[in-house]
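Pulled from TrEMBL, these are the features on record:
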type     : residues : note
DOMAIN   : 1-346    : domain 'Major facilitator superfamily (MFS) profile'
TRANSMEM : 20-39    : transmembrane segment
TRANSMEM : 51-68    : transmembrane segment
TRANSMEM : 80-98    : transmembrane segment
TRANSMEM : 110-131  : transmembrane segment
TRANSMEM : 137-154  : transmembrane segment
TRANSMEM : 183-202  : transmembrane segment
TRANSMEM : 214-232  : transmembrane segment
TRANSMEM : 241-259  : transmembrane segment
TRANSMEM : 265-283  : transmembrane segment
TRANSMEM : 295-315  : transmembrane segment
TRANSMEM : 321-343  : transmembrane segment
Amino acid sequence: MGLSDAVVPILPDLSDEPFVQSMIFSAYFAGALVSMIPLGMLADRYGNTRFILLSIVLTILSGFLILLSSSPQILVSARFVEGCACGAFFPAAFSMLTKFENRRQCLGEFTFLINIGLALGVAAAAALKYYHLKGGILTFALLAIPALVLAISLKHDSDNPDIPPAPQRISGVFAILSDARYLQIWVIAFVLFGATGVLVAYFPSFTDLTPSPLGLALSGVYFGAMVTSLIGGRARATERWLIRAGALITGIGIVATIYHPIGLTIMGAGSGFAMVGLVAGVASLGSDHGMAMGVFNTCTYAGFAALPVFAAGILCYADYAALFGITGVAVGALTLFPLHALAAKR
């Protein structure tokens, strides 16, 4: 996760053209979107540890491609490969964690580490660029090498011959996506995390903060999520409560951002609760954890990719404050979802 965010502070230096910058940034999400579900399905069939290993190999490959090249085509391709690494990692990792007896605590700690990586990626890249433009990229690409050694040492899962053939699995994906009982979960993941993407994308244009305070304000998103992911992982609360509380707090934080940057930290805190609740809830949907987690992460990344673009259309008719207000209300309204599927699983 550190490598994925290490490119953000140096985007203006990688290209002078805004279109190329957006392509480099968005290629990561495109790679994640197209790979999450198929690699999650394959992880169910061939074992999660193989895909953890694959993700680290792809991460190292993409990191060194970004480090060694200045070609826009190669940079975009490398970011796409990095997104595919994310697609290989998350379904397999979440699937492994859901098999533990104390899975919610494990998921909370895992989410905590994700946010540490994201925060350190931005901070390290911003600090190291004054010594070497791609110093942050080099740092996290090198850190991935000992992670690769650890992944190689993991005990590999055996193949699961009971997994149905690909055509049935694909039909199963559409069944999960369209099932009315679970549709609310996918909508919440899409809207809630897409809304956080809207704030992160447009807050720099909304505020008049200088770069250093702006970076501190944006890092508050990750700090808030780090704290609440640990709390949510240990709380004696239902998944439904965590999701609803997370949506409400996230919505309040988004609206508060109109008045003060502390709203970003509140928003991050809400998303931390929601992430733990959603992942723990998805884990109860069935035995095909890799496929279910692939669907969940696909909805999450689809929100990150789509809602900022949709928000750009709203900005043609409204200002940033109105956009943030609409976004906050939309996220807060997610608390009205009954989430009967999770209630039935309790």
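Even glycines carry a Cβ here, placed using N, Cα and C.
All annotation found in TrEMBL is predicted automatically rather than curated by experts.
Contact between the transmembrane segment (241-259) and the transmembrane segment (20-39) is not supported, since fewer than 3 Cβ pairs fall under 8 Å when only residues 6 or more apart in sequence are counted. Residues 104, 108-109, 111-112, 115-116, 118-119, 122-123, 126, 196, 199-200, 203-204, 207, 242, 246, 253, 261-262, 264-273, 275-277 of the same chain, all 6+ positions outside the transmembrane segment (214-232), place their C-beta atoms under 8 angstroms from a C-beta of that stretch. The transmembrane segment (321-343) and the transmembrane segment (20-39) are not in contact, since fewer than 3 Cβ pairs between them lie under 8 Å (pairs 6 or more apart in sequence). The list of residues near the transmembrane segment (20-39) in space but at least 6 beyond its ends in sequence, with Cβ under 8 angstroms from a Cβ of it, reads 4, 7-8, 11-12, 14, 51, 72, 75-77, 79-88, 90-92, 173, 291, 294-295, 297-298, 301-302, 304-305. With a cut-off of 8 Å between Cβ atoms, the residues of this chain six or more beyond the transmembrane segment (137-154) that come close are 2-3, 6-7, 10, 49, 52-53, 56-57, 59-60, 63-64, 66-67, 121, 124-125, 128.
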